[in-house]
């Protein structure tokens, strides 16, 4: 329907132009009329006396340019899009199929075609009925004439008469006029130019978007006519566009000549009465993959694979033409067949294509040839070119400029492919020796596709991990602050963490990224996967007192000393006299048996006497018995020499106090505070378990519909406080008893212990349910009742039977009380003590108690009266 509306608009415009507009109807009004629905157009046309054509064929080709005066070309022809009532459909918008090359040339929403009347006229242009010539006379006479070719083919030239020009070229017509002027008008010369061109009638037929009759400029070519008709349809051919004149094909236009080669020789000018016929396309081939213009291309039956690749613009830089695939439909309607093509060979290039073929050009694998790869703790990792004789020192010339400061110079690996199965072999070497002696046997020669891996030092990984743990500990402590403080602390901590990260990785890389654990993982996985019968897995393991325990590749000819070097070397706690080497041997029936033997590391670390390793060997390096050279505790407060003291295994508290010079005169050993890291960790763990138990209990009560006195918010607040709780780790010790020789009080010390000796405390503190809590000066003769009296006595809510005393060293002592008095004596109260009076959980207001008593008495009297009345 949309196509017929477009045809109607075009024919109506031509019709109105030919007949002239009625009085009062301006061109602007006509434009508005064309934009209205057909019913309104008919009503307005009737009002202004305009006769509209009933069908698009009302004005036929035979009558165009033959009725009365000749049809004049449109003054200001508009692009074809202005004739549409609605937007044209886009190309292939329905099914999303691959676009056909060239079809969108004529199907653009923004037209690039705008025919004009001021275009230069070629000398070969043949004059016809309706063309105008402009003749300028100068000399004895200066006049200008506009001559129009009439229906008889003549022009009427004032002073010269009739001149026959129809059918002549513009060049010949100009020569005739100039000759006639020169002969008949003495002393006058003429300048001849083309004026307004005639309009010709053509018909667009076949597979065009808007078929029908068109009135166009006499200079219109085939492509311009296709623009006017909206281009070809979905099935219209772009390579077999026919121009028919008097029912004979006078020209065939191949748009691919224009699009692909810029050849416009087939784009001929049309003549009045010509028919431009677009048949359906004969066939198509789709070109996909690594070509510059992957699309569907129209074929005529004579093209080859090379022709289609050329149409697609050729190969991209990443194309792999050696393995192209041609998919061809089966003649019997079966499954499509695939044909391998090597487009570097003439035989594949000259293969004829057929309708429905699909050519796919694959992409290269991305694998480089003549290359080696450098990975790990290096400044410039990546791919490098390989050539015969390339060595490690050619890639890493200087440790300072080429390696990270955390790089391990004693252990590096070269990974090589050893067969067509892509099995790998591993070479272990010292990077320091390779740099120090370039070109020597210590500087391994690299093969094509080798990987050179440089690891970071094990202690660098441990140091980074320790800094990370410290940073996380700071983060956990932030939750103890108030909301405002916590927010500020988080901001500061985030910045501190960022600064810390910059300090840890000044080179822009985390040493843990190049650790043995991470870089060896794919290598060990490959060695495990390639193990087969007769070729056991080439992996050995080391554990114990080494810096980097774990599994490592077993290199050819590896010795036990090489395994120790792979493990980062021995720790200072390693026991050199006796390490354990486990070897697995296969029995005759296929089972494995493990054998263990003691080896001396003193002997094994010598390359000359070191033992050879076998598959699955495991070396265990023991620690020196009772080794703890770095274990230390901290003593602070009222000692003569406070500070950090190294301790050995089994050393006791009294020994370290003596090493610290003993106590000062102001020391208060009874109030000593002793903390232990292990105890603090357990306290935090118990708090987490307690929080989980509270949640479980609360949820259980909700599910069983028991009465719950707390809200979810209360429970959440409590559990969050417990989960963020950090244990203090205080361990109650009796320092005076330890110094007196009590073996139970004189405890053994462990790494991280801390002892604080406070100054002498001469006060006694009373807290809890007393009238005036506070601290009081210690008096030797005062008993418990005296200190309670100093605090104005107990409050009404006090539980006098549950009082207890917290000693200065943290121990708790309960009090023996009876109904009338307290049994606390002066011997029970000591300097630094805290008397705690808890609240009575069963407390009731006195009025409520008397109410209950009165009720009981009343009920008793009623019962007695009832009995007496029996």
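Placement of Cβ uses the backbone N, Cα and C atoms for every residue, glycine included.
Marked as signal peptide by TrEMBL: 1-18.
Per DSSP, the domain 'Polysaccharide export protein N-terminal' (120-193) is made up of 15 helix, 30 strand, 29 coil. What TrEMBL lists as domain 'Polysaccharide export protein N-terminal' is 120-193.
For the domain 'SLBB' (202-278), the model gives a mean pLDDT of 91. According to TrEMBL, the feature domain 'SLBB' maps to 202-278.
Look at TrEMBL and you will find 285-334 (among others) tagged as domain 'Soluble ligand binding'.
If you look up TrEMBL, you'll see 372-399 (among others) marked as domain 'Soluble ligand binding'. Each residue of the domain 'Soluble ligand binding' (372-399) gets a DSSP state, and the totals for helix, strand and coil are 5 helix, 11 strand, 12 coil.
If one looks beyond the domain 'Soluble ligand binding' (539-582) by at least 6 residues along the same chain, the residues whose Cβ comes under 8 Å of a Cβ in the stretch are 408, 410-411, 413, 425-428, 430, 457-459, 462, 515-517, 520, 523-524, 527-528, 594-602, 604-607, 610-625, 627, 629. Per TrEMBL, the feature domain 'Soluble ligand binding' maps to 539-582 (among others).
According to TrEMBL, the feature domain 'Soluble ligand binding' maps to 633-667 (among others). In the domain 'Soluble ligand binding' (633-667), helix, strand and coil residues by DSSP number 7 helix, 13 strand, 15 coil.
Taken from TrEMBL, the feature domain 'Soluble ligand binding' applies to 764-813 (among others). Summarised by DSSP class, the composition of the domain 'Soluble ligand binding' (764-813) is 7 helix, 17 strand, 26 coil.
Same-chain residues lying 6 or more positions outside the domain 'Soluble ligand binding' (633-667) and placing a CB less than 8 Å from one of its CB atoms are 626, 674, 733, 735, 738-739, 741, 746-760. Mapped onto DSSP helix, strand and coil, the domain 'Soluble ligand binding' (285-334) counts 10 helix, 18 strand, 22 coil.
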